[in-house]
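Novice: Shown below is the structure under consideration.
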């Protein structure tokens, strides 16, 4: 009885880890999407025009005024972009694609989802969950690479002694911080999904099935008592 109770508690803990990992997974994907869309990857303000600031994104550049006005313009050409922006686009799109694929793959593997109920279905669920977790960790790495690289370039240019002090410099924008959060959450979600499968070594039984087995055992005991 104690062994069964321990296995049952372990299964519920794995279920909680799966659910928490999936919630973080979706949140990480939304943060990565916001990072890709937002134009505030790098921001710059000049001393000559203190009422205006400039934002640099993957898809457009914006001029922001203190009075509340904002004007954005998309890039006219793809081939004319710098290699930094091209690589950042590729990595972020790959991160979003793998992240969405991981969510789609891991969803049928959740304990709360009634799927793969045939013979060997639990092992299939474990495989789907682990695959989704690994895809999440890869998505996190792909998201962290362009964000950290753009931040590295901004730091290098900011502290470049060859550039005069009067020349304005690019600084970190909000999208970079959002990207760091997205990459970290992707990795955490993937680890939780994989850990949930490692913790659960036995096939958990649904609540209705456990109640049915309990009622069956109680009925058998009563019949045995009446017979005696």
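Cβ coordinates are placed from backbone N, Cα and C, and glycine is handled just like the others.
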Novice: Which range, 56-81, 134-159, does TrEMBL list as transmembrane segment?
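Specialist: That would be 134-159, the stretch labelled transmembrane segment in TrEMBL.
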Novice: Under 8 Å between C-beta atoms and at least six residues away from its ends: which parts of the chain pack against the transmembrane segment (179-202)?
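Specialist: Answer is 7, 10-11, 13-15, 17-18, 20-22, 24-25, 27-29, 31-32, 34-35, 92, 95, 99, 102, 106, 126, 129-130, 132-141, 143-144, 146-148.
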